[in-house]
Every structure is written in C-alpha cells, then in structure tokens.
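Participant: Residues or ranges marked as substrate binding site in TrEMBL: Asn7, Trp8, Lys9, Gly170, Ser201. Taken from TrEMBL, the feature active site, electrophile covers His93. What TrEMBL records for Glu164 is active site, proton acceptor.
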Amino acid sequence: MKLIAGNWKMNKTPSQTREYITKFLELVRDVKNTEILLCPPFTSLCVAGEMLKDSHIKLGAQNCHYEEKGAFTGEISLSMLKELGVSYVIVGHSERRWLFGETDEMINKKVIACLEKGLRPILCVGEKIEDRNAGMTLKVVESQLKLGLSGLEDLAGKIDIAYEPIWAIGTGTPATPEDAQFVHRFIKEFLGDVRVLYGGSVSPKNAKDFLSMPDVDGLLVGTASLDPESFAQIVKASEGE
C-alpha cells in the first residue's frame, strides 16, 4: 500500500490542528487503498492523537531522541511519543542534518531506537545541488543509507526510506518523476524490499506523475500538506482519482 505522509514542520498551533483534522477527516473519509500519515509539530501531537485514534489516519513525529530519558533539555523520547499514539517517526530530515547538525551516527541511533520501541522510522536521504551537479547523487545516497542503517538487517516491513533531493525541498522545483525513479530503483537494489517515498516540492499537480513511477511507493509532502484540501487531493491521486 502506498504511503502519503504530511510533514507540517514548524506550522500550526493545537487549535489550528484541530480545525485542520476536522476538515481533513471529512475529505478523505472514503480513502481505502492508501495509508495516510500526518506529522504535526510536537505541541499538536496530543490533540492530533485524540482526534485520529479511531480513524484510518496514522500519526507521526518529525523527530525524536534516541535515549529513553535523562538530561536532554528540549528533547522528546520515543516512549513519550508512543503514549500519544505516534506510530511513525521521521528521522534524518535534511533540515535536521544541515540546520541542526545531526550526524549520520546520531541518525543511526535514532533509527535503532525507533525499531527497538516498535515505531516505524522514515529515514530521509538526499543530495545537495553540488552533489547532483558533480554526478555524486548515488554515492551520497548510498553513504547515507550505509551509515544511517549501520548494524541493521532484514528491514522489510519495518522501515521506510524517503528520497528528498535537498535542492528540491521547498523550492517549487521538484525532481522529475524519472529522476526520482532512478534513485528509488537504486535504493531498492541496495536495500531490498523497502517502501521508498519521494519528497521535494510535491503538489496536487505533480503527485500523480510521481506515483505513476514503478518504484515510487508514496510521497513525503511538506508545504502542500498544510492545506487540508491540497493534501486530500494528493492522497486521492494515490487512489487514482
């Protein structure tokens, strides 16, 4: 089943989250063949968890800490997330890597911790524009996969990968569906049977084109997920509407 995930990033207060979910639930009530995931900010997880607990929509977090508890000011543990109804965690998003200095070693610890807690990580990988221009896309992605998944085996059904070329995120200039297919095929050949999502300037206009590619198993949507009608259109593109 394809996965359509909405990453709200640092957007929406709890009251705005309540308003969004009320509308969104109605818009996607007839969706049967697509897995839907909402990833609001930490402050909205409690509201979202209560509203989604009896629905077909999954709840995800945008980040986590790999330690169970302790003196880690400002961090959130996986046990805290799980109690709120979270089942997915985005790990290694490029904004965490480049803006907050997350290393592959830290990301690997988060992936391992998610799996140990029974949560499903979505590991994000992708290249910068200079890597792309130098023909290094696959080398960069391979390195991120090797380091991020170090020490792990038999990942089918336990983890998802999101390919997000950094030069396409939030720029309005997505990769082409063919670009995405090329990298997704490489990831599957490298890892085996894992679900691979595309992210980077996904919109209602291009969602169907990406989803038509044989190795694009879903989408990780940023800006376009902030509007319930826009995100519902993307979900319905996965349903063939």
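Cβ atoms here come from the backbone N, Cα and C positions, even for glycine.
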Participant: Of all the recorded positions given, Lys9, His93, which residue's CB has the most CB neighbours within 10 A?
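Facilitator: Within the set of recorded positions, the most crowded position is His93.
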Participant: For Asn7 (substrate binding site) and the residue listed as 'active site, electrophile', what Cα-Cα distance in Å is obtained after rounding to a whole number?
Facilitator: 10
Participant: What other residues of the same chain, not counting Asn7, Trp8, Lys9, Gly170, Ser201, have a CB atom within 8 A of the CB centroid of the substrate site?
Facilitator: Ile169, Val221, Gly222, Thr223, Ser225, Leu226
Participant: Given the recorded positions Trp8, Lys9, His93, which lie close to Glu164 (active site, proton acceptor), meaning Cα to Cα within 10 A?
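Facilitator: Correct set: His93.
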Participant: Under 8 Å Cβ to Cβ from Gly170 (substrate binding site), same chain, six or more residues apart: give me those in sequence order, or none if nothing qualifies.
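Facilitator: Sequence-distant Cβ neighbours: Ser201, Gly222, Thr223.
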Participant: Including all protein chains displayed, how many Cβ atoms other than that of Asn7 (substrate binding site) lie within 10 Å of its Cβ?
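Facilitator: There are 25 of them.
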Participant: Just name the most isolated of the recorded positions Trp8, Glu164, going by other Cβ atoms within 10 Å of its Cβ.
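Facilitator: It is Trp8 that, of the recorded positions Trp8, Glu164, has the fewest other Cβ atoms within 10 Å.
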Participant: Taking the Cβ of Ser201 (substrate binding site) as centre, how many other Cβ atoms lie within 10 Å?
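Facilitator: Within a 10 Å radius of the Cβ of Ser201 (substrate binding site) lie 20 other Cβ atoms.
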Participant: How many whole Å apart are the CA atoms of Lys9 (substrate binding site) and His93 (active site, electrophile)?
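Facilitator: Cα-Cα, rounded: 10 Å.
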